[in-house]
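The block underneath contains the structure these notes are about, expressed in structure tokens.
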Amino acid sequence: MKLSVLPLLLLGVFGLAVATDYPLDAPAPDGRRAGGTISQSLPTPAIANEENKDLKRERNYPEQPPTIPHSISGYQVDANGNKCLTCHSRAGSARSQAPMISITHYMDRDGQPLAAVAPLRYFCTQCHVSQHEVKPLVENDFQNIDQLLQGEAANAAKP
Amino acid sequence: MKSLLALLKDYWGILRRPSVHYSLGFLTLGGFVAGIIFWGGFNTALEATNTEQFCISCHEMRDNVYVELQATIHYSNRSGVRATCPDCHVPHQWTDKIARKMQASKEVWGKIFGTISTREKFLEKRRELAEHEWHRLKTNDSLECRNCHNFDYMDFTKQSPRARQMHSTSLAEGKATCIDCHKGIAHKLPDMSGVPGW
């Protein structure tokens with residue numbers, strides 16, 4: 001009699017421990033992985049298209065590396081060659097009418113001008129990236145310098 | 001020399017003499033049937049060497065260029081239309097095809113003696129091999145590209161502004177042909193130093 005009670009008792013205690021007041025399968029953190037729970041598999045979001053409008057985008061500050069306004073899929077940039085430079089190099093930009101890469105790209109890190117693109121600057125996508133047609137994952141309330149100055153001027157005008 | 005001439009003369013005599021044992025009907029029909037068999041066999045064998053399966057039966061092609069092709073739009077794309085090796089590398093017209101096939105006997109030589117039997121050997125020879133293809137496409141006005149990409153049916157309004165700009169000027173005027181700009185679209189490029197435009 002006593003022996004048959006013990007397993008039941010153990011089971012009861014164990015069951016109490018498991019029955020927590022919070023769900024074990026917690027919801028996933030909001031943000032990049034919206035919705036669902038940790039253990040749930042959701043369909044992969046579709047891969048968005050690269051923006052390919054060829055319209056220069058405004059820079060947020062003068063030093064910002066400009067983003068690429070066209071598709072660069074399949075562009076080979078390695079030790080053998082640099083597809084970007086066929087249009088954006090000094091010699092290529094006249095033929096293609098694409099903007100020439102800036103003079104800083106022809107300088108080594110000590111500011112010495114070089115004959116060709118500095119190895120330091122060779123891999124374009126380290127700084128310049130194309131953009132995809134997606135909704136931003138997080139909101140951005142960045143204000144550029146013009147907006148800041150305007151705000152300040154507006155504040156100063158207030159009595 | 002004299003005996004050889006006599007021998008040839010004998011054979012010429014046999015060829016000139018009318019047939020004694022076989023009827024004219026048998027000879028003409030037999031010749032016709034044999035012609036079909038030989039010509040058909042020749043063409044079948046030729047077409048068999050004109051397939052991707054044949055190309056990638058050698059590891060030189062399978063492990064180097066074929067792997068590179070697989071990541072490009074000419075292998076995998078939204079509509080599922082794809083190009084196989086001979087679509088771009090062998091002319092489609094018969095006479096040009098035969099000419100290219102005779103050239104390709106050099107490739108058999110290369111295969112036998114292992115000219116590009118390792119990755120290192122292939123990479124070392126890659127610029128030369130690529131230049132052959134660039135030269136071929138440049139001289140035939142990118143014929144193999146144009147077998148599918150016909151200029152007359154290009155809708156410039158559907159192209160990106162950059163593509164429209166180039167295609168409606170340089171390409172339309174015949175100043176440039178496809179390969180001038182579209183190098184390395186289906187395979188990785190070799191060291192491009194010294195190539196115009198690179």
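Cβ coordinates come from backbone N, Cα and C, glycine included.
Whatever TrEMBL says is automated annotation, not expert-curated.
So that you can see what the record holds, here are the features copied from TrEMBL:
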- B:18-192: domain 'NapC/NirT cytochrome c N-terminal' (DOMAIN)
- B:20-42: transmembrane segment (TRANSMEM)
- B:CYS55, B:CYS58, B:MET61, B:GLU107: heme 1 binding site (BINDING)
- B:CYS85, B:CYS88, B:HIS89, B:HIS187: heme 2 binding site (BINDING)
- B:CYS145, B:CYS148, B:HIS149: heme 3 binding site (BINDING)
- B:CYS178, B:CYS181, B:HIS182: heme 4 binding site (BINDING)
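Distribution of TrEMBL features across the structure.
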residue  : record              : contacts (Cβ under 8 Å, 6+ apart)
B:CYS55  : heme 1 binding site : B:MET61, B:TYR66, B:CYS85, B:PRO86
B:HIS89  : heme 2 binding site : B:GLU133, B:GLU144
B:GLU107 : heme 1 binding site : none
B:CYS148 : heme 3 binding site : B:ALA83, B:ASP87
B:CYS178 : heme 4 binding site : B:LEU137, B:SER142, B:CYS145, B:ARG146, B:HIS149, B:LEU171
B:CYS181 : heme 4 binding site : B:MET166, B:GLY197
B:HIS182 : heme 4 binding site : B:CYS145
B:HIS187 : heme 2 binding site : B:VAL65, B:GLU68, B:LEU69, B:THR72
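On the 0 to 100 pLDDT scale, the domain 'NapC/NirT cytochrome c N-terminal' (B:18-192) averages 93 in this prediction.
Each residue in B:PHE54, B:ILE56, B:SER57, B:GLU60, B:ARG62, B:CYS85, B:LYS111 lies on the same chain as B:CYS55, B:CYS58, B:MET61, B:GLU107 and has a C-beta within 8 Å of the C-beta centroid of that heme 1 site, without being one of the site residues.
Neighbour counts of Cβ atoms within 10 Å were compared across the binding-site residues B:CYS58, B:CYS88; the minimum falls on B:CYS58. Sequence-ordered, the extra residues of this chain that approach the heme 4 site, with Cβ no more than 8 Å from the Cβ center of B:CYS178, B:CYS181, B:HIS182, are B:SER142, B:CYS145, B:ALA176, B:THR177, B:ILE179, B:ASP180, B:LYS183, B:ILE185. Distance from the CA of B:CYS58 (heme 1 binding site) to the CA of B:CYS88 (heme 2 binding site) is 18 Å.
Highlighted in sequence order, B:VAL65, B:LEU69, B:ALA83, B:PRO86, B:ASP87, B:GLU133, B:ALA186 have their Cβ within 8 Å of the centre of the Cβ atoms of B:CYS85, B:CYS88, B:HIS89, B:HIS187, the residues recorded for heme 2, and are not part of that set. B:CYS58 (heme 1 binding site) falls within neither a helix nor a strand when secondary structure is assigned with DSSP, and so counts as coil. Binding of heme 2 is attributed in the record to B:CYS85, B:CYS88, B:HIS89, B:HIS187, and the widest Cα separation among these residues amounts to 12 Å. The Cβ neighbour count for B:CYS145 (heme 3 binding site), using a 10 Å radius and every protein chain shown, is 20. Take the mean position of the Cβ atoms of B:CYS145, B:CYS148, B:HIS149, the recorded heme 3 site; other residues of that chain with a Cβ within 8 Å of it are B:SER142, B:GLU144, B:ARG146, B:ASN147, B:ASN150, B:CYS178. For B:CYS85 (heme 2 binding site), other Cβ atoms within 10 Å of its Cβ number 19. Of all residue pairs in the heme 1-binding list (B:CYS55, B:CYS58, B:MET61, B:GLU107), the one with the greatest Cα separation is 11 Å apart.
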